[in-house]
Amino acid sequence: MINQENNDLYDLNEALKVENLTLNDYEEICKRLKRKPNRTELGMFGVMWSEHCCYRNSKPLLSKFPTEGKHVLVGPGENAGVIDVGNNQKLVFKIESHNHPSAIEPFQGAATGVGGILRDIFTMGARPIAVLNSLRFGNLDKSSNVDLLRGVVSGIAHYGNCVGVPTVGGEIDFDDSYSGNPLVNVMALGLLETEEIVCSGAKNVGSPVLYVGNTTGRDGVGGASFASSELTTTSLDDRPAVQVGDPFIEKSLIEACLDAFKTGDVIAAQDMGAAGLTCSSAEMAANGKLGISIDLDLVPSREDDMSSYQYLLSESQERMLFVVKEEKINDLIEKFSKWGLYASVVGEVIGTNEVIISHKGKIVAKIPTSALSDDTPVNFHNVINNPPDDLLKKWEWKENDLPEIHEKNIFSLKENKNFSFSEIILKLLSNPSIASKRWIYKQYDSQVQSNTVFTPGKSDAAVIRLREQNKKNKSKVFSGVAASVDCNSRWVALDPFRGSIAAVAESARNVSCVGAEPVAITNNLNFSSPENEIGYWQLSSSCNGIAEACKALETPVTGGNVSLYNESKNKDNLITPINPTPVIGMVGKLDNVEKAISSEWKNIEDQIWLIGSHKSETKIAASSYLEYFHGEITGRPPKIDLLDEKFCQSFLRNAILKSLVVSSHDISDGGLAIALAESCILSERGATIELEKDLNRVDNLLFAEGGSRIIFTISKMKQNEWFNYLQLNQIKFPSSVYVKKIGYVSSDTLKIKIDEKNICNIRVEELTEKFNNSISDYF
């Protein structure tokens, strides 16, 4: 008999609103249970049937992704993906979002986002070795956005620094669409330390279920449902739905869990993240095709008089649920106690496929595991056949809509005056989306663990040194991994399909630019409401683009996160959706980390080369230049030829491994001119560049984006070897791929000539001042 705890008298309409469920959902719940749910059970269904937990709106689209590959050991379905990076080493990685919590409580929202993704990693038996983040905020001319940025960065820094995991890289972008709804996506990587991957499926009927970690409180109750709804002017009232983290307990939890896993006494493990004890128990039961019974009276709590609803939906941080060997339970409890952690047997594995919850001596919930985890509802939406009319109109934009170029100047449609190309370069460098993120990453400890090869900002991707390998020559050789998070949300907003292909291609290109082979991705799909036909079309088109790019580049998807309903409602009830933002977290492997290279020029007189594709379009449409200089967000983003993209990356990687290429940098936001300026700034050296205009406008040549392009340098000492390599590989080149010398590294000035005419002459000091101070000036 199910105890209704006197809450069978609840107001149904009010309860459904709180749990973000529909009347149809309620009728389906009654059908599954063959009775009416009590209030506790309704809360359990509310969180488990939310988009955050069951992907009810996105599941049909996620099935399009390739999930298998030669390096993939664990794909979607577990706490994180796992790949083989060679030398008997396994990399665990995943990305997650904490968007809505960060919007109303930026410090704790971001901090617990870091804590949550770290638990996904070490729950698999891996030691966390790196964190990256992808952040989006509204423009910094609004003080509220400055406050959000300050709070989020402080939260990430606090948790990551205290727990001892380096924050090694990331990206950040600013756009008005994020003003009411910032995005905080965190990616973590870990190196497996156990002989076997620790999985989440419960096994062996009668095995004890062990609760480990922090105590349970009322913080975070309903967090999963909160994360699956839009933000409104009353969202600040939902602050109790934001969790409060303790990185020092997390540090103890990491060490204690890895120690316990190595004993082989832990049969299964699941962290308590979204939906807390409800989700962890249901997923462990479902993944093991068994059931679990939990007695809430045995759960360590920090507050008195908590209801079963609060116990089950609390998202208090730093908590884990284990299935363990019965004969080893005392040893494990003693081990966790030594780390200052609570450890208590709270239940057992049962033979029936149910989650059974007891409280105060009575059963308060009894639900089939399939109803909570395996067989959750799916919302099917119609996909509109054609892009929206406003996008089609933007796609008609042509470069000849811009003012003509007179000598060395062009008229800005945004500021109604002429600018020289040197002034435009400086202006673009001061755009916060392009400018140095030094103010942000200097708050992070990027060097803890002593395996970070390049500090943030020095290279296109983060590079982490792995364990030493024993080679026959007895010299120390370290393998490594590279990671990058990328998305040009402006491109995705203007064409979700092309923009998402570009996000995958750029993340792979960044990994290739350090010399690593891209092998797999995790993604974080940040979109607005799927109930809006344009919002769902954006999501569907984006998934199609990601799937196509991942198949072509052979980088399967190992898992990730979907965050929908990212839109804000103002006091007039007007809804502002975010730019669709499918963040791609790419990982790559290096056999020898000493071969990795950065983006900075190395030596004066090194040759500067450019590789790219004629099939991959290069144009001003959808560019940063068009937005920031002319005030227009329009045009169709460049199309990327994925075969040429793959060839360009492979060709460059091979040259890097042969130690022919000494620096490389992909061309993205701001085009060729900004890529050149960035390498000058990083190295405190100049560059002398000579280009041919052909039929291009000068601004197209300097600021166009796309083209699968990379600039790289060849040491003046290796030029003969380079030309030999180039000649040997020429026969393999597709006719649409080009490699050409465009200049050389010089002392202290960026000089650009086009058709032998001086277009730009800027001292590196001036470039650096604009680049470094743009964001910090707001603080």
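Keep in mind that glycine also has a Cβ here, set from the backbone N, Cα and C atoms.
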Annotated companion of SER97, HIS98, ASN99, HIS100, ARG119, GLU315, SER316, GLN317, SER563 at the substrate site, Swiss-Prot, chosen from GLN243, GLN449, GLN649: GLN243
Same ATP site per Swiss-Prot - residue from ASN20, ASN523, ASN526 joining TYR55, LYS94, GLY560: ASN523
For ARG119 (substrate binding site): DSSP state (helix, strand, coil): helix
Distance in Å spanning the most remote Cα pair of SER97, HIS98, ASN99, HIS100, ARG119, GLN243, GLU315, SER316, GLN317, SER563, given for substrate: 21
ATP site shell beyond TYR55, LYS94, ASN523, GLY560, criterion: Cβ within 8 Å of Cβ centroid: LEU62, PRO76, ILE95, GLU96, THR522, ASN524, LEU525, VAL557, GLY559, ASN561, VAL562
HIS52 (active site) and ASN99 (substrate binding site), Cα-Cα, nearest whole angstrom: 11
Secondary structure at LYS94 (ATP binding site), reduced by DSSP to three states: strand
Assigned conformation of GLU315 (substrate binding site) - DSSP reduced to three states: coil
Candidates HIS52, GLU96, HIS98, ASP120, GLU315, GLN317, namely the recorded positions, that fall within 10 Å of GLY560 (ATP binding site) by Cα distance: GLU96
DSSP three-state assignment for ASN561 (Mg(2+) 1 binding site): strand
Site diameter for ATP, Å, by largest Cα distance between TYR55, LYS94, ASN523, GLY560: 17
Cα-proximity to SER97 (substrate binding site), 10 Å cut-off, over binding-site residues TYR55, ASP120, ASP271, ASN561: ASN561
